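Colleague: Annotated SUMO2 cross-link per Swiss-Prot: LYS4, LYS101, LYS155, LYS159, in sequence order. Annotation source Swiss-Prot lists N-acetylalanine at ALA2, citing similarity to another entry. What Swiss-Prot lists as phosphoserine is SER3, SER95, SER354, and the listing cites similarity to another entry. The N6-acetyllysine feature in Swiss-Prot is assigned to LYS4, LYS119, LYS159. Per Swiss-Prot, the feature phosphothreonine maps to THR10; the stated evidence is similarity to another entry. What Swiss-Prot lists as repeat 'WD 1' is 47-122. Look at Swiss-Prot and you will find 128-173 tagged as repeat 'WD 2'. Sequence annotations record features per position, and here Swiss-Prot assigns repeat 'WD 3' to 181-217. As annotated by Swiss-Prot, repeat 'WD 5' applies to 275-312. Residues or ranges marked as repeat 'WD 6' by Swiss-Prot: 318-369.
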Amino acid sequence: MASKEMFEDTVEERVINEEYKIWKKNTPFLYDLVMTHALQWPSLTVQWLPEVTKPEGKDYALHWLVLGTHTSDEQNHLVVARVHIPNDDAQFDASHCDSEKGEFGGFGSVTGKIECEIKINHEGEVNRARYMPQNPHIIATKTPSSDVLVFDYTKHPAKPDPSGECNPDLRLRGHQKEGYGLSWNSNLSGHLLSASDDHTVCLWDINAGPKEGKIVDAKAIFTGHSAVVEDVAWHLLHESLFGSVADDQKLMIWDTRSNTTSKPSHLVDAHTAEVNCLSFNPYSEFILATGSADKTVALWDLRNLKLKLHTFESHKDEIFQVHWSPHNETILASSGTDRRLNVWDLSKIGEEQSAEDAEDGPPELLFIHGGHTAKISDFSWNPNEPWVICSVSEDNIMQIWQMAENIYNDEESDVTTPELEGQGS
């Protein structure tokens, strides 16, 4: 039996390598930017910070990322990294593509273009790290313990204390187990939600300040789910509404003004397997998306949750991340275990397709990013550069990429480059 499994693993590895070679060959036609960087340790989390600076006379802008580490029994860190991204008018062409690393966009190699600026000691791996929108210096993290930690990275030395001591500015208590979901309220400063394997969602107000030492107790604990709560998200336009999704296959919508924390305002059987993630549309009061172990992304309207608006199908395995574009109301992306990051366009749902096109996926599947050869752990849309995404995978690889403009810009004719090899997912 073991030898059969080993054989299957080897075959899968070969297929993955073959697909990666094809992807690399095609990058000049499919992307306007690809930067590949091997991190010292894999990061389970990634988020662009909102700040950007444009050094005078340079053909690049400086952006920052929040990352974490997942080491093998070595000291873990919360990391802020600085990234050089070339300006649109930077002089480069696809012939400069470094075919060895599959990188281009003005960069033969990314050495020195992505650097860790701040490293802060962390207790165990960083399951997730998210900055507070009202003050991006404040970052909350999920740990392998039940505590949620809060750091103000301006109050920590750029180089971590060699003793390895983790010294968060606040320690948020309320959970019994670890988890992944984490969401800051963009309308109420300091209000943080967290989802946990203990079946609950905790809410803290960090402005309340610690009761003793640095410990802040949960302001409320929501207990509606009957299994691991995978993700939680505040509504982006209503300060008191949030959603949670769990292994009980349910999506729950909560209102913090309600006098009960054991029963959500709305409950829907969202998928036929665990629900791993959710995302509210930043432009719409009513639209949200959920991603599931059933390999689909579902689209919902808060006005009628009994009816699923649409199901996005193309992923070959569990979906763990779904995020709407910060720049386009109809664009969202999803990723997970199948090593693919899919970008979807709602405005193309129901468009007619040739039989040949239909083989590649439904009309709303705008793009498949095939650059990762391991499970994607997290991704983030750049808030300052439309269509730029940073994705991180379990094999230490971080990619910063932007699909070619002619793919999302319909006015131009479609790519009909004869050199383009089969990009099957």
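The first residue you see is number 1, and the count goes up from there.
Positions of Cβ are set from backbone N, Cα and C atoms, glycine also.
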Colleague: Provide, as an integer number of angstrom, the distance between the C-alpha atoms of LYS159 (SUMO2 cross-link) and THR10 (phosphothreonine).
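Modeller: Between the Cα atoms of LYS159 (SUMO2 cross-link) and THR10 (phosphothreonine), the distance comes to 41 Å.
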Colleague: In the repeat 'WD 2' (128-173), how many residues does DSSP call helix, how many strand, and how many coil?
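Modeller: Per DSSP, the residues of the repeat 'WD 2' (128-173) fall into 3 helix, 22 strand, 21 coil.
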Colleague: Which residues, given as numbers and ranges, are at least 6 beyond the ends of the repeat 'WD 3' (181-217) yet have a Cβ under 8 Å from it?
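Modeller: Residues 128-135, 138, 140-142, 146, 148, 150, 168-175, 223, 225-234, 236-239, 242, 244, 246, 254, 256 contact the repeat 'WD 3' (181-217) from elsewhere in the chain.
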Colleague: If we check Cα distances from LYS4 (SUMO2 cross-link), which of the recorded positions THR10, LYS119, LYS155 wins as closest?
Modeller: THR10
Colleague: Between SER3 (phosphoserine) and LYS155 (SUMO2 cross-link), what C-alpha distance do you get in Å?
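Modeller: About 53 Å separates the two Cα atoms.
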Colleague: For the C-alpha pair, I'd like the distance in angstrom between SER354 (phosphoserine) and THR10 (phosphothreonine), rounded off.
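Modeller: SER354 (phosphoserine) and THR10 (phosphothreonine) have their Cα atoms 36 Å apart.
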Colleague: Over all shown protein chains, what is the count of other CB atoms within 10 A of the CB belonging to LYS159 (SUMO2 cross-link)?
Modeller: 10
Colleague: Where does SER354 (phosphoserine) sit by DSSP, helix, strand or coil?
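Modeller: The residue in question, SER354 (phosphoserine), is coil (DSSP, three-state).
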Colleague: Where's the emptiest Cβ shell within 10 Å among the recorded positions LYS4, LYS119, LYS155?
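Modeller: Per-residue Cβ counts within 10 Å for the recorded positions LYS4, LYS119, LYS155 bottom out at LYS4.
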Colleague: Over all shown protein chains, what is the count of other CB atoms within 10 A of the CB belonging to SER3 (phosphoserine)?
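Modeller: So the number of other Cβ atoms within 10 Å of SER3 (phosphoserine) is 7.
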Colleague: Among the modified residues THR10, SER354, which residue has its Cβ surrounded by the fewest other Cβ atoms within 10 Å?
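Modeller: Sparsest of the modified residues THR10, SER354 by Cβ contacts within 10 Å: SER354.
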